[in-house]
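A.B. asks: Straight out of TrEMBL:
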| type | residues | note |
| --- | --- | --- |
| BINDING | Asn62, Lys63, Ala64, Asp65, Asn134, Val135, Gly136, Lys137, Ser138, Thr139, Gly178 | GTP binding site |
| DOMAIN | 17-182 | domain 'CP-type G' |
Amino acid sequence: MEQEKQLQWFPGHMAKAKKAIESKLPVIDVVVEILDARAPIASHSEDLENLIKHKKRIVVLNKADLADSKVTKLWSDYFHHADINVLVAKSLSQKIKPELIKQIKLIYHEKLQQQLAKGIRNPQIRVLILGLPNVGKSTFINNLLQKKVTKTADRPGVTRGQQWLKLDQMIDLLDTPGILSPKLDSDETKLILVLLKALPAKHLFVEEIAQFALKFLITNYPDNLLNYYQIPFDTQDISNESLANYFAELAKKYHFKLTDNHYNVDRAMNLLIHDLQAGKLGLVSFEKPNQKIINF
Ligand SMILES: Nc1nc2c(ncn2[C@@H]2O[C@H](COP(=O)(O)OP(=O)(O)OP(=O)(O)O)[C@@H](O)[C@H]2O)c(=O)[nH]1
Ligand SMILES: [Mg+2]
């Protein structure tokens, strides 16, 4: 049973993509690992870590425009302190190329000097872009190249094959399909990945996702929740009963009726999930540094 569930979110194309990445690694100089700024731990894959741990790396905290900026700053400091190159990115709205090139050339400085000393006139730096599904790898690349060279969409599993792209005379980029770990370590990770749209919601029950989302908002962003839906709640009470009452109120407020006397609570749950995913409940981060140990 467990095996069956795992296979559902680790389909054949991901297994193939992982093999293809593995085969390219010997020629890769720098790995750019794209994480979701809202949850850098959940969007960091142990599975990919095992592939790339010996490579030079830049960590990108993408979708920073959807994250809580105070928390993103904590994350950025966290990576700096851990001596990991980090770049905060808003791939849909802000140019990334100058900062990325600066970081790549800094990392690669020594090897570049060696190559130049050897008389290699056109040294090449090969950069692999990798990360979970839907974190924005293709959007990041389109931003770098300032044109739509790779297909993007707001669902996981859009990029299927690899392609090399030229960033400048020296740097080549390789876009890759998003890969999830065949074994996701905890229920909370799965729930966060669904809210980030890295994992399709069909793998979990709607009620479970919605309750998690509501508890998260009540505990961490109560003002956002109150401002958006204008439904009062008690921050001290996140019992299942209280959460159920909240969804019933939400269904009433939006006139999600099943019959004259019954409201469609499922629709209210889906609404909350979609609004949170779409950023309508404000800029939120699901994880802060120091909550969990992170293995980079
Ligand atoms: N708000 C916001 N949305 C972003 C950002 N980067 C990407 N997106 C959106 O996230 C969705 C996924 O982006 P893609 O670039 O297709 O993601 P991917 O990592 O290539 O996904 P796969 O190819 O499926 O693995 C798209 O709807 C993008 O518009 C960002 O920085 N901010
Ligand atoms: Mg893609």
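Backbone N, Cα and C atoms are what each Cβ position is placed from, and that goes for glycine too.
A description of the local structural setting of each listed feature is requested, covering burial, neighbours and distances.
C.D. replies: Within 10 Å of the Cβ of Asn62 (GTP binding site) there are 29 other Cβ atoms, across all protein chains.
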A.B. asks: Who sits close to Gly178 (GTP binding site): which same-chain residues at least 6 apart have their Cβ under 8 Å from its Cβ?
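C.D. replies: In sequence order, the residues whose Cβ lies under 8 Å from that of Gly178 (GTP binding site) (at least 6 apart) are Met14, Gly131, Leu132, Pro133, Asn134, Val135, Lys137, Pro156, Gly157, Val158, Thr159, Ala198.
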A.B. asks: With the Cβ atom as the reference point and anything under 6 Å counting, tell me which of the binding-site residues (Asn62, Ala64, Asn134, Gly136, Ser138) are near ligand 2.
C.D. replies: Ser138
A.B. asks: Kindly state the mean pLDDT of the domain 'CP-type G' (17-182) in the predicted structure.
C.D. replies: 92
